[in-house]
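Contents: one structure, followed by commentary.
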Amino acid sequence: MSKLILLHTSPIHRRAFNAFVSTSLSKPLSTPTSLRFLCLRPQFISPSPPLSLRSISARAFDSSPLSSTDTKEDESQESDGEIVNKSKTADKEYPSGEFRFEKASAWKSFVVKLRMLIAFPWQRVKKGSVLTIKLRGQVSDQLKSRFSSGLSLPQICENLIKAAYDPRISGVYLQIESLNCGWGKVEEIRRHILDFKKSGKFVVAYVPACGEKEYYLASACQEIYAPPSAYFSLFGLTVQASFIRGVLEKVGIEPQVERIGKYKSAGDQLARKTMSKENCEMLTALLDNIYGNWLDVISSTRGKKREDIENFINEGVYQVEKLKEEGWITNIQYDDEVISMLKERLGVQKEKTLPMVDYKKYSKVRQWTVGLSGGKDKIAIIRASGSITRVRGGLSLPGSSIIGEQFIEKIRSVRESKRYKAAIIRIDSPGGDALASDLMWREIRLLAASKPVIASMSDVAASGGYYMAMAADTIVAENLTLTGSIGVLTGKFNLGKLYEKIGFNKEIISRGKYAEVLAAEQRPFRPEEAELFAKSAQNAYKQFRDKAAFSRSMTVDKMEEVAQGRVWTGNDAASRGLVDAIGGFSRAVAIAKLKANIPQDRQVALVELARPSPTLPELLSGIGATLVGVDRTMKEVLQELTFSDGVQAQMDGIMFQRLEGASQANPIFSLLKDYFGPL
C-alpha cells in the first residue's frame with residue numbers, strides 16, 4: 001500500500017493554495033511549505049551471483065518480461081496449504097530465543113555485589129527497590145538519550161531484563177495508560193513482562209485509563225489495580241478510512257491517480273469518496289487478525305472461553321465494579337493504596353517511603369553491573385525507524401527517519417569490520433523513498449553475502465520497510481506486525497479549477513513531447529502523458545515485485561498473488577512466505593547466533609551502531625517545552641514537512657494510524673499532513 005503522489009507548485013502557487021483553503025473551510029488547514037513532483041525513475045539493479053542468498057532459478061529475477069511458461073518451468077506451483085505447512089516447518093527450525101532465568105551462582109552473586117559497590121552514584125539503587133515504569137503515549141523503537149522525552153522500546157525491555165537479575169529490585173510497578181504505538185511493540189513489551197515473572201519477583205499493574213491495548217499489557221501482570229473512577233473502554237476495535245475527494249473538489253483540485261494492484265489504497269483517500277471493495281477486504285482481514293489475537297490471549301490469561309470474553313465485551317461494560325466481579329482486575333484501589341499495599345508486602349514501615357526507582361534513572365544502570373554482559377562474540381544492531389529518505393532534510397531530527405546515505409554507511413562499516421559475527425536490522429518503518437530503499441537493499445545484500453543478517457520487524461515493516469527486510473537472510477516479525485505492501489501508486493494534482501477561482505494564471509513554453517509533465521499542474525494529463533505515467537508506474541511495480549520474488553525464493557507469479565499492494569499481519573505473511581519466523585528481538589538474536597555458529601547458551605555482545613546523542617531540539621525540549629515553545633507536536637509537524645524526490649514505496653499512513661492509534665487532531669489536518677508530509 002505504498003503511495004506516490006506527484007505534485008508541483010511554485011512558492012506563489014503555495015501561498016495561493018494556502019489562502020484559498022484557509023478561507024474556504026471553517027477551520028484553517030495547515031499545508032506543507034512545498035509541494036513537488038515525484039518522478040518515476042527507479043534503476044533496476046540486477047544482483048551479481050555471489051549475492052544469492054537462496055538456491056533459486058535465475059529467471060525468478062530476470063529483468064526481462066517473464067512468460068507464464070518460463071515461470072512454470074522454473075518452479076511448480078504450490079497450493080496455499082503447502083505454503084502454510086512449509087512456513088510452519090521453517091519457523092520450527094529456528095531457535096525460539098525464549099528467555100530462561102538462571103539463578104546466579106554464589107561466585108557471580110559476589111561479583112555482582114562488588115560491581116554495585118563501585119558503581120557510579122547515578123547507577124546505584126537502594127536494596128529492596130521497586131522499579132516503576134509509566135507506560136503511556138508514544139513508544140519509540142530507537143534508543144533515547146538522557147535529554148530525550150518519551151519511552152524507548154529497547155530500553156523498556158532492557159530494564160525488565162536487568163531488573164529480573166538485579167538483587168536490589170524486589171518487583172515492578174507498571175502504571176499503564178493510553179498508548180500510542182502499534183501492536184508489535186505491545187507484543188514485545190508483554191513478552192518481557194512474562195519473562196520478568198520467571199525471576200519469581202512480582203509485577204503489579206495500575207490502570208487508570210485502559211483500552212484493549214493497555215489491558216493486553218496489564219493481563220500479563222500478576223495483579224491489576226484500578227481507581228474507582230478509572231476510564232475503561234473495552235468495547236472492541238475499529239479501522240477507519242477517511243476520504244477528502246469531496247474537500248478537494250470544493251477547492252478546485254482534481255487528483256489524477258494511477259493505481260497498480262487491486263489492493264493499492266494509498267491514493268483512495270484522495271481519489272475516492274468511499275472505501276473500495278478490495279480495501280474493505282484487506283482492512284477487514286487485518287482487523288479480524290488483531291481482534292482475534294486479542295480475544296485468544298485474554299481468554300487464555302483470564303482462564304475463560306473466547307466466547308465468554310467476546311460476550312462480555314459486547315455488553316459494553318465500563319463499570320470498574322463489574323470488571324472486578326468478573327475477575328478482569330484484582331481490586332479497586334487508588335495509586336497511594338497500591339503503594340501502601342506494596343510497602344506492607346515488602347515489610348516497609350508505614351511512616352517510611354517505599355524505595356522506588358523510575359524507568360529513566362534505571363536506564364542508566366549498565367548491564368555489566370548486574371552481570372549481563374561480557375560476551376566476546378559481537379552482533380551489530382542497526383535500527384531503522386521512521387519514514388525513508390535518501391538524504392537528510394533541513395528540518396529532520398536525528399532518529400526521526402531513516403536516512404539512506406547514513407544507513408548505508410553503517411551497513412558498510414559492519415561489512416568491512418571483522419569485529420561482528422552477524423548483524424540484526426531492526427525495522428519499524430512504513431516505507432518512503434523507493435530509490436533509497438533500493439540502495440539500502442543492495443547494501444544489505446552485500447552484507448548478507450559476508451555474514452548473517454537478520455531482519456527484525458517491529459510495529460510495521462511495509463513497502464520500503466519490507467524492501468529493506470527482504471534483503472536479509474531471515475525475516476522475523478511479530479504476530480501483528482504490519483508488513484508486505486509490495487506496490488506503488490502514482491498521480492498528480494490538477495489545480496486548474498483552483499487557479500481559476502483565485503485568479504491565478506500560468507503559461508509554459510516547452511520543447512520536448514513530455515517536457516511539461518513535471519511542470520503543468522494547471523491542467524490535467526494529456527493522453528500521451530497519462531500513458532507514460534501508467535507505464536512508468538507499472539514498471540516501478542514490476543521491479544519491486546520481481547526483487548521481492550528473487551529475495552524470497554519465489555516465482556514472480558507466486559509473489560504476484562501476495563503483492564498487489566496488500567498489507568499482511570506478520571502471522572499471515574509467514575504463512576505466505578514473506579516472513580520466516582514469528583517472534584521478537586530476542587528470537588532474532590537467537591537466529592543470528594545460530595547462523596553465526598555461536599552456541600545458544602553463550603553470551604554475546606549486542607553493539608548498537610546508533611547510540612543516541614543529544615541534539616539542540618532535544619536539549620531545549622528537555623529543559624522545558626513551554627519555555628521555548630518546542631513540543632512534541634511541533635517537532636512531529638516539522639519532521640513530516642520534510643520532502644524527498646523519487647518513487648514513494650510507502651504504506652498508507654492513514655490506515656496505519658487508524659490501526660495503531662488514532663490521532664486526536666483535526667481529521668482534515670491529519671489527512672493533509674499524512675499525504676503531503678512524507679513527500
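Quick reminder: no glycine exception, Cβ is built from N, Cα and C everywhere.
The region 'Disordered' annotation in TrEMBL covers 62-87.
For 72-81, the entry in TrEMBL reads compositional bias 'Acidic residues'.
Annotation comment: TrEMBL describes 196-348 (among others) as domain 'Peptidase S49'.
Among the features that TrEMBL reports, active site, proton donor/acceptor is placed at K264. Cβ neighbour count for K264 (active site, proton donor/acceptor) (all protein chains, 10 Å cutoff from its Cβ): 28.
The domain 'Peptidase S49' annotation in TrEMBL covers 447-597 (among others).
Taking all protein chains in view, 33 other C-beta atoms sit within 10 angstroms of the C-beta of S463 (active site, nucleophile). Under the heading active site, nucleophile, TrEMBL lists S463.
Note: the Cα of S463 (active site, nucleophile) and the Cα of K264 (active site, proton donor/acceptor) are spaced 11 Å from each other. Mean model confidence for the domain 'Peptidase S49' (196-348) is a pLDDT of 90.
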